[in-house]
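These features come from Swiss-Prot:
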DISULFID  4-17  disulfide bond
DISULFID  8-101  disulfide bond
DISULFID  26-94  disulfide bond
DOMAIN    45-189  domain 'SCP'
DISULFID  170-187  disulfide bond
């Protein structure tokens, strides 16, 4: 798979071309470990699908205002190893934020990132980081269009529950920076959500 030939929707050089391997590139940060276990992958996937079903069934009471309306076209996500590989390459740069070009041959790819830190020698489990994205639902106004909501406050939530997204793959790295124990999680989603002229899902 030659990532250097992929032309991303948003331009730029593909992450898997630019960095080319899973070797961590973290400067003076001390890398403790990287990658997700099979169990962690299953947990992340289950957390996404449980939350998508909660939304679909109209059980999410939070919002600005809540509750969130039920969905009629919400499907379960499946894990995709290629998305996970590209997410892991980006996580291994230890740069908090979004990369520019992560699309794969079959579709454009969206992304959620989360970073937590502790002065104690411990790291939050990935599901806790995923729940931080879910919590953004408290700022979502379902009475407005997606494009009229404040994207900076709700973009992780909306990608999680974007109905047309079918697949997910994530990467993770744990490192120490200035005595802070940090856990950085990157999840890539395909096809990408958060297209301004579309809605999250069809309401019932």
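Using the three backbone atoms N, Cα and C, a Cβ is placed for every residue, glycine included.
Mapped onto this structure are the features recorded in Swiss-Prot.
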residue	record	DSSP (3 states)
4	disulfide bond	helix
17	disulfide bond	helix
26	disulfide bond	coil
94	disulfide bond	coil
101	disulfide bond	coil
170	disulfide bond	strand
187	disulfide bond	strand
Return the average pLDDT for the domain 'SCP' (45-189) as a whole number. 98
Per 10 Å Cβ neighbour count, which of the disulfide-bonded residues 4, 8, 26, 94, 170 ranks highest? 170
When the Cα of residue 17 (disulfide bond) is compared with the Cα of each of the disulfide-bonded residues 8, 101, 170, 187, which one is closest? 101
Residue 94 (disulfide bond) and residue 101 (disulfide bond), compared by Cα position, are separated in whole Å by 17
Just to verify: the residue among 17, 101, 187 with the fewest other Cβ atoms within 10 Å, which of the disulfide-bonded residues is it? 17
